[in-house]
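Have a look at the structure below, then the notes.
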Amino acid sequence: MEVVILAAGQGKRMRSALPKVLQPIAGRPMLEHVIAAAQALEARRICVVHGHGGEAVRARLQHAAVQWALQQPQLGTGHAVLQALPHLTDGDMALVLYGDVPLIGVPTLRRLEAAAGGERLALLTVELADPSGYGRILRDGAGRVVRIVEEKDASADERRVREVNTGILVAPVARLRDWLARLGNDNAQREYYLTDIIGMAVAEGVEVTTVQPDAIWETLGVNSKAQLAELERLHQRNIATRLMEDGVTLFDPSRIDVRGELLCGRDVEIDVNCVFEGRVEIADDVRIGANCVIRNARIGAGTRLAPFSHVEDTTTGRDCVIGPYARTRPGTTLGDGVHLGNFVEVKNSAIADDSKANHLAYIGDADIGRRVNVGAGTITCNYDGANKYRTTIGDDVFIGSDTQLVAPVRVGRGATLGAGTTLTKDAPEDQLTVSRARQISIPGWKRPVKKKAGE
């Protein structure tokens, strides 16, 4: 089977410079969701028909394994599919999808493909309590589909029909080529409707069959930011349901955002308002506090993330404790049992087992050994305005509060750095290193006093 995805619309109601099909659902362009569904069907070929903002669309999805066809100007859905025909092969079946219908399910599409067989025309239809705005499915007395009428061209009786066309269909490529060549635009919109091929199929004796989706929301399109937000919530709720079915405890399923791929082990708990972006892997028995943001990370078993922690491009070992208000940036690797407390930031650093930085520290471009204590207010001075340098700290080091380590510098195994030290040279193993001004007290010193007005 071959797939045609119509993605040429402007989306004026979006009121956005971003092409409609690039508007995001769960952190990915809507069109990317549709392409993923087509790929899951193992389609022989995927052709995307683009138009408005075509350069931006192609640039954003340049790595997708698709072919591109330009529709310019946009003269309706039939005209759009016509642009894809040079990429299609007679003898195959063609599935028509839409770049602004991002939640279409693969099981539904498989049933539609099966219904079409190798020679029938299969339509995906739904029955709506309020069918306003949709093309109506018209059937004869025996229940056979005879044609589709768009609402603007429908009579009063036809508008009362509740079964509507979703636009998604499967048809033989050879017949599709013939039907599209004969399309006219004698309608209220002066456009070439893809739906007109149904009447042609019926006239030629081609069987037209219909399939209902597993859920109506699969067929919902997006034409406004309000509809975009509605589908976002639907999608997130579906993700939350799948997570809970897999054993994840969500404190409130309506307050989680997954904008990528989230893989969870057993007995994972996730509090409210957490955001997961990219690929996130969470091992067994992990607890994630409220309002955390986790992006492209692997969280080790038994780890605890306290509220308001941000974890990005990070790998943690087992039984780590992070936060509250901690941040790990790209390139961070934590061993087992590492503690990062409130207002600790780590970037491009490796911290080995059982080391701790419990509060108010910046660790950048550093390699820290086992069982190291990083005191409050400690920073690695890794940037000289032009280049960045690394700090290396051995096992069993104790770093006093308010210490600055000016890289490149090494702290030997078992060393102690006194509070307030500014370390500019390597600190030897198993020694106390202190670098600060000598403390003095001045007897009789008087604090300056402000002069009063008139004095």
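Our numbering is plain: 1 for the first residue shown, then up by one each step along the chain.
Glycine is treated like the rest: Cβ placed from N, Cα and C.
Residues Ala376, Asn382, Tyr383, Ser401, Ala419 are given by Swiss-Prot as acetyl-CoA binders; from Arg370, Arg410, Arg413, Arg436, that same site also lists Arg436. Local packing around the Cβ, expressed as the count of other Cβ atoms within 10 angstroms, is greatest for Asp100 among the binding-site residues Asp100, Glu150. The record assigns Ala376, Asn382, Tyr383, Ser401, Ala419, Arg436 to the acetyl-CoA binding site, and the maximum Cα to Cα distance across that set is 22 Å. A count of other CB atoms within 10 A of each Cβ picks out Gly99 as the most crowded of the binding-site residues Gly9, Gly76, Gly99. Here the region 'N-acetyltransferase' (247-455) returns a mean pLDDT of 97 for the predicted model.
For Arg436 (acetyl-CoA binding site), the count of additional Cβ atoms within 10 Å of its Cβ stands at 12 [all protein chains shown].
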